[in-house]
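Enquirer: Just lifted these from Swiss-Prot, have a look:
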DOMAIN    172-347  domain 'Helicase ATP-binding'
BINDING   GLY185, GLY186, THR187, GLY188, VAL189, GLY190, LYS191, THR192  ATP binding site
MOTIF     296-299  motif 'DEXH box'
DOMAIN    366-535  domain 'Helicase C-terminal'
Amino acid sequence: MEKNLPDIFFFPNCVNVFSYKYSQDEFSNMSKTERDSFSLAVFPVIKHRWHNAHVVKHKGIYKVSTEARGKKVSPPSLGKPAHINLTTKQYIYSEHTISFECYSFLKCITNTEINSFDEYILRGLLEAGNSLQIFSNSVGKRTDTIGVLGNKYPFSKIPLASLTPKAQREIFSAWISHRPVVLTGGTGVGKTSQVPKLLLWFNYLFGGFSTLDKITDFHERPVILSLPRIALVRLHSNTILKSLGFKVLDGSPISLRYGSIPEELINKQPKKYGIVFSTHKLSLTKLFSYGTLIIDEVHEHDQIGDIIIAVARKHHTKIDSMFLMTATLEDDRERLKVFLPNPAFIHIPGDTLFKISEVFIHNKINPSSRMAYIEEEKRNLVTAIQMYTPPDGSSGIVFVASVAQCHEYKSYLEKRLPYDMYIIHGKVLDIDEILEKVYSSPNVSIIISTPYLESSVTIRNVTHIYDMGRVFVPAPFGGSQEFISKSMRDQRKGRVGRVNPGTYVYFYDLSYMKSIQRIDSEFLHNYILYANKFNLTLPEDLFIIPTNLDILWRTKEYIDSFDISTETWNKLLSNYYMKMIEYAKLYVLSPILAEELDNFERTGELTSIVREAILSLNLRIKILNFKHKDDDTYIHFCKILFGVYNGTNATIYYHRPLTGYMNMISDTIFVPVDNN
């Protein structure tokens with residue numbers, strides 16, 4: 001359906017759009033087109049003001065029960081009013097008087113076309129809309145937004161490009177068309193921080209109706225923003241909660257969903273029209289209970305995120321609207337054009353608020369000489385930080401490929417530079433405490449991080465990025481370092497320039513950048529299991545198709561060998577992490593074992609019961625040879641003897657030299673097999 005968003009329904013960005021109440025005199029002076037804009041108010045008014053309302057008589061005047069208290073009465077007959085009183089906002093007949101709003105309430109019945117609304121109906125919708133605070137104007141003040149969504153505090157002032165009137169119109173037209181939408185925009189235009197808020201607003205106003213051409217029944221469903229990591233769920237939900245004028249979750253339109261969520265982060269009074277911030281895995285468990293689906297960080301190609309895209313595309317009639325958000329389409333545009341049915345592409349132009357300077361530091365060593373390349377890189381990094389130093393009280397981020405490199409580079413830098421050094425990555429538990437130190441320090445802070453800081457945490461005093469240009473790509477029983485893609489470069493560079501001018505220092509040749517096909521280095525069992533659950537046809541229905549389909553079919557055969565029913569698999573998918581697919585054999589044995597194994601997957605606490613159960617699976621690994629690494633570490637070169645990757649070589653670190661065999665407990669725990 002082609003619909004333009006009238007100006008009066010813009011979301012208040014508190015820059016050039018403000019919450020506003022229109023007077024009847026203003027309405028009288030409007031053009032017909034401007035007056036007709038108020039016809040769309042019937043949808044939010046029906047949902048949020050007239051639902052379960054009735055006619056009452058208050059001091060002799062017919063009103064809606066949401067306007068005044070009074071005894072429920074039968075409605076009067078309505079013809080053309082004899083007189084209009086703009087001051088009291090009443091229509092006067094010879095036998096009775098009725099409020100503008102009550103007149104509209106009685107006239108706006110199911111199947112009425114909104115283009116048939118006359119001036120009398122529109123005046124009543126104006127009054128009802130004023131009471132709901134759903135209108136906006138280019139004049140006003142921030143405090144006028146208090147109460148719009150039940151908020152005690154005003155909306156934030158947002159000058160970002162995604163909330164300009166032009167962007168709001170474009171996003172609304174795409175949303176109401178029910179076409180899949182691919183939304184891109186430079187870092188800093190407000191994709192993740194503002195677009196979900198805008199879609200929440202549209203959902204509050206118009207969500208749940210099958211058409212905006214006539215009055216119909218509605219089915220209210222929330223919006224969901226699906227994200228790859230818990231840190232992002234917490235970060236973005238808190239940002240939007242505050243920007244909508246709330247200080248607590250309860251009673252707000254914001255809810256969170258992720259595994260083992262603490263009690264204080266559960267909204268006990270959620271709104272039916274609200275927005276749920278969820279990890280990808282939990283999004284999949286109730287995907288069709290949401291009206292608008294937003295998938296963020298699409299360029300990361302998180303496995304479950306890609307599966308959600310495939311499921312939503314297969315069952316697109318069960319979702320009102322789908323938005324895919326990504327910083328860049330460099331790697332995915334052509335695939336999305338083919339994969340999605342008639343997609344709409346929206347780009348929000350704009351850069352970061354402040355200028356970002358780029359500096360290239362050349363590494364004279366070829367990357368094929370890995371150790372020499374890294375040693376030269378570390379020397380270059382010290383020189384670069386000395387030449388391009390964050391101001392006192394500010395910070396810089398060093399992007400390296402892995403957790404091990406975080407420690408290696410921190411140790412190297414601490415010996416050569418007089419600055420405060422910190423490490424942040426996904427397994428660091430006290431990130432908030434570290435950031436407090438960074439923000440309160442009068443000194444220069446250098447943060448060494450994995451790609452985690454590309455998006456998971458915004459550091460407000462960062463002025464410099466030092467990018468090594470690499471990422472560790474995990475693979476079954478191993479992984480490798482790769483040079484980053486353009487989208488990853490854009491994300492890293494965009495960490496600065498938001499609050500102050502920034503500097504992006506990069507240490508890699510741009511010709512080394514390449515697209516990363518993550519599915520070719522992943523365990524594929526989730527693709528099989530979710531395909532079974534949602535009736536996907538493999539491989540055609542997958543967003544990204546594996547290069548080697550033999551592995552996909554071998555994975556399917558391996559899963560079939562477990563002899564677990566599809567119904568049971570679906571329950572396991574909804575309730576457990578199953579970081580190793582073989583754990584499924586244990587989850588189905590007994591509820592007590594399932595509870596302990598689940599606790600192990602969540603907390604790392606390995607009880608003797610769980611240990612013995614996993615050992616009984618005989619996840620055997622053969623040790624081929626080993627070499628001494630340092631004082632308490634030996635590198636073992638091994639071969640996997642089970643599963644889809646039987647015969648694959650693996651490297652395992654252990655605190656003493658081993659021979660023979662070991663059993664795998666998890667991806668980090670191995671138990672030597674007793675040779676006796």
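Just so you know, glycine gets a Cβ as well, placed from its N, Cα and C.
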Enquirer: Could you give me three numbers for the motif 'DEXH box' (296-299), the DSSP helix, strand and coil residue counts?
Expert: 2 helix, 0 strand, 2 coil
Enquirer: Would you mind checking how many other C-beta atoms are within 10 angstroms of the C-beta on THR192 (ATP binding site)?
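Expert: There are 24 of them.
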Enquirer: Give the number of CB atoms, excluding that of GLY190 (ATP binding site) itself, located within 10 Å of its CB.
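Expert: GLY190 (ATP binding site) is surrounded by 23 other Cβ atoms within 10 Å.
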Enquirer: For GLY185 (ATP binding site), what residues in its own chain, 6 or more apart in sequence, show a Cβ-Cβ distance under 8 Å?
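Expert: Residues satisfying the criterion: ALA161, SER162, LYS191, ALA327, HIS347, ILE348, PRO349, GLY350.
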Enquirer: Just how many other Cβ atoms lie inside 10 Å of the Cβ on GLY186 (ATP binding site)?
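Expert: The answer is 19 other Cβ atoms.
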Enquirer: Run through the Cβ atoms and count how many others sit within 10 Å of the one on VAL189 (ATP binding site).
Expert: 26
Enquirer: Counting every protein chain present, what is the number of Cβ atoms, excluding its own, within 10 Å of the Cβ of GLY188 (ATP binding site)?
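Expert: Neighbour count, Cβ to Cβ under the 10 Å cut-off: 21.
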Enquirer: When the pLDDT values for the domain 'Helicase ATP-binding' (172-347) are averaged, what is the result?
Expert: 93
